[in-house]
Each structure stands twice: as structure tokens, then as C-alpha cells.
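Per TrEMBL, the features are:
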type: COMPBIAS; residues: 16-33; note: compositional bias 'Low complexity'
type: DOMAIN; residues: 82-235; note: domain 'ATP phosphoribosyltransferase catalytic'
type: DOMAIN; residues: 239-311; note: domain 'Histidine biosynthesis HisG C-terminal'
type: REGION; residues: 1-33; note: region 'Disordered'
Amino acid sequence: MPPVGAQPDGYDGHSRTTSTSSSQSQDTGNSNNILLAVPKKGRLYERVLKILDGAGLDHVRAPRLDIANCTREDVTIVFLPAADIATYVAEGNVDMGITGEDIIAESQANVDVLMKLGMGKCKLCFQAPKGTVSDPSELIGKRIVTSFPNLTKTYFDKIDPGHTTSIKYVTGSVEVAPSLGLADAVVDLVETGTTMRAAGLENVGEVMRTETVLIANPHSTHHKMIQTIHKRIKGYITATQHSMITYNCPKDKIEAASKLTPGHDSPTITLLHDERFVSITALVRTKEIPLLMDRLQEIGAQSIVAIPISNCRF
């Protein structure tokens with residue numbers, strides 16, 4: 001496994017007070033600040049910032065600094081390369097982090113996985129030039145290039161006990177290795193497959209499926225704040241996936257309506273001035289709303305309204 005990358009600007013990895021070589025400096029507040037590591041750039045950066053904002057962890061990141069203090073909480077955000085976050089959390093340099101399951105597995109980091117965030121879903125796959133390989137077993141004794149040497153070695157340890165397969169670590173642009181004559185196949189992440197196909201490669205086997213997760217150091221002393229941040233992020237993620245639906249339902253269709261919209265625990269049923277109807281409100285998955293509206297209309301429901309929610313707790 002390659003060494004952890006350079007320290008983020010303004011953070012030494014150990015001290016809870018941060019500084020830079022320039023005239024700028026930023027104190028994390030005090031030694032009691034909990035440190036939360038997030039990707040400093042890349043495809044997940046903007047989406048992670050939305051999660052932090054939704055969880056009330058608003059902050060201002062100063063130019064050229066890879067740290068930012070939250071304005072209303074004793075939390076410091078540390079911006080790191082995504083590949084380093086699991087290691088920083090496991091070693092206790094930071095208390096929590098947001099990174100991929102693939103990174104955790106590759107670094108063999110001892111961390112607590114608190115929850116999946118429902119984004120960054122992809123597969124770590126064997127990719128070979130089209131028509132050359134149909135199964136990973138055909139790559140035994142061949143040359144493999146990857147940014148995930150540990151996971152690749154673990155895979156081949158099971159099918160190649162003689163260790164005849166060459167596994168070479170590279171960073172970035174893994175997919176070009178076969179065309180340059182450096183490898184017979186690569187092990188790399190596949191999300192949409194566009195990059196893979198553009199390089200003339202095809203998926204010939206899967207190592208693991210992965211998505212972005214929230215993690216914590218199991219030995220952190222910030223137990224209460226870890227739980228608070230976990231609950232906040234869980235509430236925000238749940239809200240982004242759900243809406244409230246409210247409608248007027250004929251009294252003789254309450255049972256049928258409740259089966260369609262059972263809510264989280266139970267739908268809320270309210271009496272109306274028009275005694276023929278009741279008002280029903282329930283939590284539903286946002287993506288199911290169009291179909292639910294069709295079904296509710298079929299049983300006689302009226303005044304059906306879907307309402308977005310910004311946050312929730314259950």
C-alpha cells in the first residue's frame with residue numbers, strides 16, 4: 001500500500017492547532033474539536049459539501065487552507081485526498097471521515113462504518129482489452145496494473161496459490177496500461193463504464209461493490225459528537241430520499257390507503273369537516289410518488305399533495 005499522501009495545508013496530522021507557512025493561520029478552536037475528514041476534490045466533493053450543509057455543519061474554507069471550522073459547532077472539517085481518509089481515521093489523526101468502502105478495504109483500516117451515504121456507487125472490476133479474456137482466472141500469471149494492489153493480491157491469493165501473477169501499483173489513468181503494453185489487464189473502479197469502453201476495455205470480473213460511507217475511529221473520545229453528527233447526516237440523507245404526501249381519503253378506503261402509504265411508523269389520520277373524508281399524511285419515498293398518486297386516485301383519494309422535506313429524525 002502506498003504511503004499516506006502529504007498533509008493538508010494548515011494541518012500537521014497530530015496537533016489540534018493548525019498553521020501554514022504563510023501569514024495565514026487557523027486555529028481549530030481548541031483541543032476538544034472533533035475532526036471530520038472529507039474529500040478535498042473530485043466527483044464527490046460537491047455532494048459531500050451538501051451533506052455537511054444539510055447536517056448543520058456549515059463552514060467557510062479559506063483559500064489555500066485544507067481545514068475549516070464549523071461556525072456553530074465544535075467541529076473542524078479537514079480536506080484530504082479521498083484515498084488517505086480511511087488511514088487518517090484509523091490512526092486517530094482525525095475522528096471521523098467520509099470515504100469509499102473500496103478505500104477502507106484497500107487500506108485495511110480498522111474503522112467503524114456508521115452508515116452508507118447512497119452515493120458514489122461503483123464496482124471494482126477486472127478490465128481487459130475486448131475479446132482477450134472472459135474470466136479473471138485467465139489472468140493468472142499475467143501482468144495486472146491497479147491502484148488497488150492489496151485487494152487485487154487478496155483476490156489472486158485465492159486463485160493463484162503459486163503467486164505467478166504480476167501486480168503493479170500505479171496512480172491515475174490505470175485504463176491506459178494495456179494499450180501502452182504495460183499490462184494484460186487492469187483492476188479499476190467502474191461507475192458508468194464510459195472511460196473503460198473509451199480505452200477499448202471490457203469488464204471481465206468483479207472484485208467488490210462499493211459506495212461512499214461515513215466512518216469513525218473506534219477509539220475516539222468524541223463519542224457524543226460522533227453520534228450527533230451520525231444522526232444529523234442520517235436525518236438529512238433520509239430527507240433527500242423521502243417526501244410527505246397528504247390527501248383526503250374516503251372513510252371506507254382508509255385501510256386500502258394505509259397499505260399504499262403506511263408511513264414510517266403509521267400514517268397520520270385527521271378528521272375533516274366533511275365527514276365523508278379523512279385527511280391522511282404519510283412519509284413516502286420521493287421516487288414512488290407518481291405511482292402512489294395514481295393508485296390513490298384509483299381508490300377515490302382527492303387533493304393529493306406531495307411536500308418535500310429538508311430534514312427529519314426517526
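Backbone N, Cα and C define each Cβ position, glycine as well.
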Mean of the pLDDT scores, which run from 0 to 100, over the domain 'Histidine biosynthesis HisG C-terminal' (239-311): 97
Per-state residue totals over the domain 'Histidine biosynthesis HisG C-terminal' (239-311) - DSSP helix, strand, coil: 26 helix, 29 strand, 18 coil
